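J.: First the structure, which I've put down as structure tokens, then a few questions once you've had a look.
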């Protein structure tokens, strides 16, 4: 392999120097490249140019196959396919010296100049081209190619030149925009105006690789036929203008049918009967094509987080290539949901929004209390003296399914990337990575005293934040309710649990039951069994109750695929997958807004969420930082120490009740101890705990060695949340200057006195602590501040979602009638083996009825006539 390492090494070094804008002698390295039989085998297969290996590594074998397969046979591995012996290479008309590169003194933009090219013999095919420089000075006039094919590129042919390795530094211009915080109003709160903040966004300087970007040469119009024009290749210095353009010619799969796209855009803009129009006109496309745009997946995030302690973000979306797909189906990463100029709203791998500006000790990144220790008390002391309690106050109306389904929805809407725990293995704060909580000598937990601290990894910042501008965190999931815990948030991730191209999701059998995919070779007996499920969200193994929901909805997907395949034998696997995914997402939405959320918000639901009035493209569905890292963590207070597991006669199974500690990070319990059915049956028979305190199982032995309440408090400080009283003001509950001013929301005098003892000032109360301690709203489970934050978020998530199931045109009118019949009780009945009796309303205690009395959907409305 020695024969190509030298040019590749030289190329790599020069590329790095150009990336850093450092002057070098790289231009001289290829003044006289070897262009004749650079390396040949005995059978006559040759690389006729010294740069063949490099061009092949950047994709030229595909993007410029006509030239590469003949002249770079070894690099492109085309010897057997071409099966020809070429004793001499095709002549090249490349200039002997590449254009010098320099920076303009004033704008610091890249400037390209060219020297007169030397004459070369004629050539039948052009050499590889990856960049076409734009010149505003003298250019070579050419006529446009004549073609009748509507999809053919109408631009002039590119100049014949060697691939030019240029990595431009692009500095986007700042743009001013506003963020308006919607303020929900309760029945007892007067209307107030929204809070509007003005920002100047200065995007980070980005260096873009040449494989994705090209430059375009601009030609003047051709001269009249009677004019004689003398052309020259000498160009005056000109600023290079970089535009987004793919050099790869369109393949059969990625052809853009202009006429179909135009019609699909019309349907998107007037979507009253979009689904019916798409099927009638046969415009439906069920394959998501991402070959023309940047994507981000979980593997990229993990690699960046491990190497750089920061996460990349998704910064672009190309909706034109998938116009007919976007009319009917969601993209997995949430892009192109908003087709009114904001395609990144609600997308995965994007920053969270904020309701209030960040508060950091150094104004950009250091958590409150890390530099100034008197700013906030110790999170562990707050937990021990205030939020943790062995008492359990249960709701008389609702069952434990409401807690477990809430965790599933939380994972549907948000996931924050954490710094790897391996980076935080000591009891000290590490800048930007770790924020350990020290343990005092009087702590009652012996394990914590022995460890001397509770190690807490910080949320990984978005690359570029936390230095000159406030630290921001990344949402790995879409902001929409789209069943992403089942399907994932990128096309790359979804392939891990799809069953090939059949349309089904992987659901192997084990011990007579269907489970999510896992390595069955690691579970040969109960004594030695390690089970790690694979699903659309990596947190599936946190608790067996969460794994049960993943299993049930995966079964529902496969049940729908089976029925659709029988009704429409002509549908391919991709169409079956997309239709079932679309229906499952609609079912989850219907359960959230009709069954689950009204019970959580109680009397405030009608005020902060209200009825659906149609899709609003001006609404941003992106999840708020305070929602995911504080307010929606109220569910941790609903966790109970034990969960019943009942048989068909509603008696305890032989394995007995399940301790919460035993069910965390132990998915083998679900596999070896009765499966999903006994756990679900026990949960809908057990009253749920109210969330105003956290059980000691969560605070003393969570995951074996940590305190979830302490982590929640630290997470709020890590994310820069202002104090609790600031959000009270935001929600219209007035200012609080002392602890008695909290008496309307926190009725218990002893609780307010304990707050004063620990914090000393109302301005220091952490958001999660203050919001958790508030008394619940009438007929609800949460207090007014939690309702104020999560209610408007669910409203934005619904109203800003073009694919919300009740938005006209997403489903046909008859299909919508059937989806409105769906319920969680029906889904449980359809996807469990032994549950035949269930509450009519899945989240309510009692009111048990046979499954035969629960309405079901008529899937015949999906028959394709």
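A Cβ is built for glycine as well, from the same backbone N, Cα and C atoms used for every other residue.
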J.: Of the residue ranges 213-235, 236-258, 259-281, 282-304, which one carries the region 'Disordered' annotation in TrEMBL?
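T.: Matching range for region 'Disordered': 213-235.
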J.: Of the residue ranges 36-84, 85-133, which one carries the region 'Disordered' annotation in TrEMBL?
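T.: That would be 85-133, the stretch labelled region 'Disordered' in TrEMBL.
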J.: Using DSSP, what is the helix/strand/coil residue split across the domain 'ShKT' (45-79)?
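T.: The breakdown for the domain 'ShKT' (45-79) reads 22 helix, 3 strand, 10 coil.
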J.: Quick one: pull the CA-CA distance for residue 45 (disulfide bond) versus residue 636 (heme b binding site), whole Å only.
T.: 66
J.: Return the average pLDDT for the domain 'ShKT' (45-79) as a whole number.
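T.: Averaging the confidence scores along the domain 'ShKT' (45-79) gives 82.
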J.: How long is the line from the C-alpha of residue 79 (disulfide bond) to the C-alpha of residue 636 (heme b binding site), rounded to the nearest angstrom?
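T.: Rounded to a whole number, the Cα-Cα distance is 62 Å.
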J.: Within 10 angstroms of the C-beta of residue 636 (heme b binding site), what count of other C-beta atoms is obtained when all protein chains are considered?
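T.: Total other Cβ atoms inside 10 Å, all chains included: 22.
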J.: Which of the three DSSP states, helix, strand or coil, fits residue 636 (heme b binding site)?
T.: helix
